[in-house]
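Contents: one structure, followed by commentary.
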Amino acid sequence: MVVAGLSTSTIEFYDFMLYGTMAALVFNQVFFPAYSPATGTLAAFATFAVGFVARPIGSIVLGRLGDRIGRKQTVMLTLVLMGGATVGIGLIPSYQSIGLAAPVILVTLRFVQGFAIGGEVAGVALLLIEHSKKSSRNLLGSIVHMGALGLILSSAATSFFSHVAGDRFLDWGWRIPFLLSAVLFGLTYWLRRSISDSPQFVATRTDAARQPRLSLARTFALYWRPILLATGITGAGGVVYYTIFTYSVGYATGSLGYDRNSILNALILSAVLYTLAVPVAGWLADRTSAHIVISCGLIFSIIFAFPFFILFDSGPVGVFAAMSTYLCLTMAPVNAPQFALYAAQFPALSRYTGTALSQAIPAATIAGTAPFVAQYLFGATGSNTSVAWYIALLSVIALGCTWVLGRRPSLLDDNVETPAHAGETPHSSHA
């Protein structure tokens with residue numbers, strides 16, 4: 001179960017984050033050559049955001065499907081969609097070859113990626129959490145965020161083929177990492193076949209006759225509070241995450257003129273440290289509580305937002321120091337306990353839908369636009385101080401959301417769908 005979950009998160013984050021890196025380094029020249037470099041980069045980041053716009057749609061469709069036919073069957077479907085779209089991106093001809101059709105196909109496949117991941121990550125997280133003991137839910141739920149291994153593979157592949165292809169990287173070198181995802185996809189599909197559905201979902205099949213499944217509108221009516229609070233938390237974390245892995249890569253190689261391979265290597269090393277920090281944060285959340293660990297990460301995010309860019313401007317070594325510090329001390333504690341905390345807000349019959357929406361809505365409305373907003377703020381002010389204020393403000397809002405959500409009752413061991421579950425009883429939802 002753990003190996004299958006880890007491999008799943010690895011391939012998903014490999015596929016998804018590879019796009020973010022290429023949007024910063026390649027797509028402005030391959031798919032938007034008619035624009036100036038700055039405008040082309042904005043256009044490339046806009047296509048990056050398309051995947052996040054698709055996430056809520058995927059979370060609704062796939063979340064409802066996961067609550068009806070099961071977690072396993074749904075995540076098998078999402079894997080096929082994600083893998084097919086990613087390989088397809090590597091096969092798109094350039095703008096010079098087919099004109100406007102090239103960016104149109106790119107946007108379409110990006111939408112499919114976002115649609116799939118809108119239901120994928122939550123589904124895998126629920127399989128892990130619902131199979132786990134209460135004392136290890138945060139640790140096991142954190143495995144989906146160890147998809148940073150996928151970031152490592154993605155960055156390593158990009159760096160390697162950038163070196164091998166040299167000046168031909170824009171012609172064909174960038175395509176190889178996308179095509180290689182087919183190997184990861186096949187391996188993950190094979191591993192996933194052995195996973196069984198969670199006991200809590202199986203129990204809902206027996207109880208379904210006397211516990212009719214809620215409509216989407218009813219789910220929102222009962223559980224809009226935890227979804228809204230989760231939006232604040234996930235949104236802030238996502239902004240930090242994609243500012244580091246997407247905006248800052250383009251800023252370092254473009255505005256600062258740093259060597260591309262040096263920045264990608266810093267990204268790889270930072271992702272390694274983050275991967276090691278995630279299970280530690282999950283373990284700490286099981287020993288204390290999810291909301292305490294998340295709060296610690298958000299407090300550091302507020303403090304470090306401004307020093308981050310000072311370090312970044314000091315050179316490649318400073319880039320590594322900035323990335324690794326922010327990832328380990330902010331993103332690991334914010335991300336690791338998230339799914340266990342969110343899953344505790346919903347009973348089993350609507351847990352997939354609720355948990356997926358708790359991630360997908362902020363991904364679309366806040367996190368997915370982070371590279372675009374950061375690029376705009378920097379262009380408008382000529383300084384990353386405005387970007388730092390943007391991160392700090394969202395982190396303050398997320399801190400308040402975390403403490404409110406942490407006081408809600410846990411429904412992880414309750415399958416019953418009743419309006420009472422949407423109440424505000426103020427005892428902790430230690431996941």
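Keep in mind that glycine also has a Cβ here, set from the backbone N, Cα and C atoms.
It should be emphasised that the depicted structure is a prediction, and the values quoted were computed from it without experimental measurement.
The following features are taken from TrEMBL:
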DOMAIN    1-410  domain 'Major facilitator superfamily (MFS) profile'
TRANSMEM  16-36  transmembrane segment
TRANSMEM  42-63  transmembrane segment
TRANSMEM  75-95  transmembrane segment
TRANSMEM  101-127  transmembrane segment
TRANSMEM  139-160  transmembrane segment
TRANSMEM  172-191  transmembrane segment
TRANSMEM  222-244  transmembrane segment
TRANSMEM  264-285  transmembrane segment
TRANSMEM  292-312  transmembrane segment
TRANSMEM  318-344  transmembrane segment
TRANSMEM  356-375  transmembrane segment
TRANSMEM  387-405  transmembrane segment
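Taking pairs at least six residues apart, the transmembrane segment (42-63) and the transmembrane segment (356-375) share three or more Cβ pairs below 8 Å and count as touching. Same-chain residues lying 6 or more positions outside the transmembrane segment (101-127) and placing a CB less than 8 Å from one of its CB atoms are 1, 5, 8-9, 12, 15-16, 19, 27, 30-32, 43, 47-48, 50-63, 65-66, 71-72, 74-75, 78-79, 81-82, 84-86, 88-89, 92-95, 141, 144, 195, 197-198, 339, 343, 351-352, 355-356, 358-360, 363, 368.
Count of Cβ pairs under 8 Å against the transmembrane segment (172-191): among 75-95, 222-244, 264-285, 292-312, 318-344, the largest is for 75-95.
Counting Cβ pairs under 8 Å to the transmembrane segment (264-285), the top-ranked stretch among 16-36, 75-95, 222-244, 318-344 is 318-344.
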